[in-house]
Amino acid sequence: MFKGFTRFLQSPGEHLRSLFGPDDAAAAELAGPRIIPRNEHPVSRQHLSESALKVLYRLHNAGYEAYLVGGCIRDSFLGRMPKDFDVATDATPEQVRELFRNSRIIGRRFRIVHVRFGREVIEVTTFRGRPNDDHGDHIAQQSEQGLLLRDNVWGNIQEDAVRRDFTINALYYSIADFSIHDFANGARDIESRTLRMIGDPTTRYREDPVRMLRAIRFAAKLDFQIAPGSEAPIHEQAHLLLQIPPARLFDEILKLFMAGHGVETFRMLRHYGLFPMLFPETEEAMATLPWTEGLIEAALASTDKRIREERPVTPAFLFAALLWGPVQLRQATLEEDGMPPIPALQLASQQVLSRQLKHISIPKRFSMPMRDIWDLQQRLPLRRGKRALQTREHPRFRAAYDFLLLREEAGEVEPGLGDWWTAFQEGDEHEQMRLLEKAGANATPGDRPKRRRPRKRRRRSAPPDNP
Ligand code: ATP
Ligand code: MG
């Protein structure tokens, strides 16, 4: 950790003039920021994007206030490479738009400006004020439950700070003197690795329940503890996620599971009761089919590993694992009613997907390959004649084969078929012929990998006899 910064945290006196607790938003507004001068914090221009700096300088030179805020400053503080850069300013979206030819105003719920530099996009946000104040541009809306529907009321930097989610996300880097303005004791919370909601957590989660998911995401990604006061209401308010539009949840799911900390995130979502609000049928399947949880964890672990190795990952594979349990339960029921396996899987896939879409919208470009991965699970065991060669040519073969390996690893099916396919892919023509003959001798059409355990878990104890 940067020396000056540590010193700043340790020295009492003038640096600690704002002793308000960050849970007390009103106090935070009155006390003003703590200014951390350039020589006492670790954020250096060398680690900031040139495009972001250009935006800051141009706003500054035009007479506006301009700061970097949010994840980029938080991550720089922690010595991590920032992923993207968010600028906060007192210029309105229209004024920002006028300064940058390469910009456009986006969003309705939150109007912001995107300034584009090649592939990089800098997000410029006008300071938000309090929704109930009588500002010029008065268009904040709140639902009866306290959910913020729109938030386009402009304010000053202090008001903007207390409307952000966590204290560590409310650090503002000023381009005027390279100092950091800390409105909610974010620097202290970074030092103690604490994730703390600004203001009254219950109210803030009610305003925007996605903040509960963001709490889990940051805790898992940064390895921070959620402060007790910010943690407790999550258990109680998890159900509020049901109000969030499926499209927004899809974006959040990607950020949750495709950021390299999927396993930890999944466990935390379950711990806080958030997971059943996102994937209700999967939660149910986990209670009935013991391998479901292992399959999901194995898929997340493999995704995390690929991300660390900078190999490509696809949400289709993850969704395939997340929803395979419910699909298998549904397929089993359809088969019990007399439907043959192939149509039963197709119908089960369709039904599970359409129910899931009410919670999280999965775009077709991911749901189609997901269904291919499922369909191929029925084709992988059929290896007679040309079938193995045809399956091998399927564009989704590789993902389906990886998926089969995870099913074996999770104990859903007996190992064996995965090894066969591994050998088949690696073998020369001669070896492939030998494997095909071996498979032909053992397999029958409609064959499927052997299940390891009975489909449904037995009740632990029989219900007491009624005398
Ligand atoms: P990362 O980009 O690394 O995922 P981030 O903190 O930058 O993390 P963004 O979604 O880019 O997250 O948001 C930028 C900033 O906007 C946040 O740091 C936070 O200050 C504020 N913010 C974002 N979403 C919310 C929200 N739902 N409620 C309150 N403030 C928010
Ligand atoms: Mg960001």
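Just so you know, glycine gets a Cβ as well, placed from its N, Cα and C.
Annotation source TrEMBL lists active site at ASP84, ASP86, ASP165. Residues or ranges marked as compositional bias 'Basic residues' in TrEMBL: 449-461. If you look up TrEMBL, you'll see 66-196 marked as domain 'Poly A polymerase head'. As annotated by TrEMBL, domain 'tRNA nucleotidyltransferase/poly(A) polymerase RNA and SrmB- binding' applies to 223-285. Positions annotated as domain 'Polymerase A arginine-rich C-terminal' by TrEMBL: 338-457. Look at TrEMBL and you will find 436-467 tagged as region 'Disordered'.
The average pLDDT computed for the domain 'Poly A polymerase head' (66-196) is 88.
Counting neighbouring Cβ atoms within 10 Å of each of the active-site residues (ASP84, ASP86, ASP165), the lowest count belongs to ASP84. On a Cα basis, ASP165 (active site) lies 17 Å away from ASP84 (active site). Distance between Cα atoms for ASP165 (active site) and ASP86 (active site): 14 Å, as a whole number.
Residues of the domain 'tRNA nucleotidyltransferase/poly(A) polymerase RNA and SrmB- binding' (223-285) grouped by DSSP class, helix first, strand second and coil last, total 48 helix, 2 strand, 13 coil. Taking H, G and I as helix, E and B as strand and the rest as coil, DSSP gives the domain 'Poly A polymerase head' (66-196) the counts 29 helix, 44 strand, 58 coil. According to DSSP, the secondary structure content of the domain 'Polymerase A arginine-rich C-terminal' (338-457) in residues is 76 helix, 2 strand, 42 coil.
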